[in-house]
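A quick write-up on the structure given underneath.
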Amino acid sequence: MRFLTSLRISSVAWALLPTLLASWIMTEDRTRFAVQGYGAAAANSALEAIFVPAAACAGCAAWEAWRLRRAGIWRLPHGRGRYLIAANALAPVAFLGAAGLLVSLASAWVELRAVPDLASVPMLLTGVLVLASHSAVGFLLGSLLPGLLSTPLMLLASYLWMGLPGAMEPPLRYLNGLPSGSIQVTESFAVGSWAAPGLLALGLIAGTMAAVAPALRGVALRAPAAAGCVAAAALGAYAIVADWEYHPRRCRAPSPPCARGRHPPSVCRPSSARRCPAPGRPPTRSCRCWPRPGSPSRSGSSCSPSGRRCPQTPGSSTPTPT
C-alpha cells in the first residue's frame, strides 16, 4: 500500500493535527526558562514536550495493530514477513512521531532563536528511540487486546510513564528520556542522560520483536525471550544512572589546569615569551608581584613569570596582561 493511502486511512489522520498543536504549545511553555540562543537549550525544550507525540504514537500503534488483528491478516497466507507487515502499518505512526518532534524543534527555534548543536544530536536520537519504543509496545498490546481497550490503555500508560518518573527520586526519573529541568549555557548533556533511556528503549523494541518473532515457536519461547531483552536493558540503564542526583548535567568549561603543587597558572607577557612554558604543558612558575585581591593596583606592579618586573604598557596606568 502506498504511503499516502496508508496515511489517509489510518488513525494518524485523526490524531495528527491535535498532536502537532499540543507539541507546539507544550514546547512554547517549556521555553520560558530556557537560555536564548543556546542550541542545547532548544533541544532540551523540544524533548521536554516529547510525551505528547509519544502518547499519540502509542495509541495509534495499538489501534493499527488491532485493525490488522480484526482483519485476520496474521492468519492469512502471505509472501511478506511479519516485520514487514508491521512496518508498513506503523509507517504513518512513524510519520506522526517525526512530525511532532520537528514541530517541537520549530517551536523552540521560534522562541529561542537557536537550533540544536552537535552535542545535542545523541539526545535527539534518544528521543527518536523513545518514540519508536512507545510505538512498538503499543503495537504489541494492540495485537493482544481489542482496540477500544488497548488504545486508551496505551495513551494513559505512555503519559504516566513519561510524567510520573519526574516526580520520583533519582535514578528512576532518568530512564524515560524526558529531560529533567532546564539546561544552562555553561552546561551540556551528560552521556548517561541519553545512554540510559536509549538503552531501555532499545530493550523494549527488541523485546517486542522477540514477542512476535517467527523463529520462536509458541509462547513458551517468545515470552522468556521478550522478558529477557527488557530486563537486561532495564538493568543496564539503571546501572548507568544508579548514583545520579537531581542535576544530570556536565559543565562545558572545566576548571583551568594548574601547575604541580599549589602554584597557579603563569601569565605570559610577550616580552617574557621565551621564559614561558611550552603550550600544552602545565605551567611551572607563577607571578608573585600581582596586587592581592582587594588592594589597589600600583603602576608598574606587573612582573614576568620569572619574578622580575615587566615593562608597563605605554599609555596605561596599570599593568595589562596579554
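Positions of Cβ are set from backbone N, Cα and C atoms, glycine also.
For 285-322, the entry in TrEMBL reads compositional bias 'Low complexity'. What TrEMBL lists as region 'Disordered' is 255-322. Per TrEMBL, the feature transmembrane segment maps to 38-63, 83-109, 121-141, 148-168, 188-212, 219-241.
Sequence-distant contacts of the transmembrane segment (148-168) (same chain, six or more residues past either end, CB-CB distance under 8 Å): 50-51, 54-63, 65-66, 134, 137-138, 141-142, 174-178, 180.
Residues 43-44, 46-47, 50, 53-55, 57-62, 64-65, 86, 89-90, 93-94, 97-98, 100-101, 150, 153-154, 158, 176-177, 179, 189, 191, 193-195, 197-198, 200-202, 204-205, 208-209, 211-212 of the same chain, all 6+ positions outside the transmembrane segment (121-141), place their C-beta atoms under 8 angstroms from a C-beta of that stretch.
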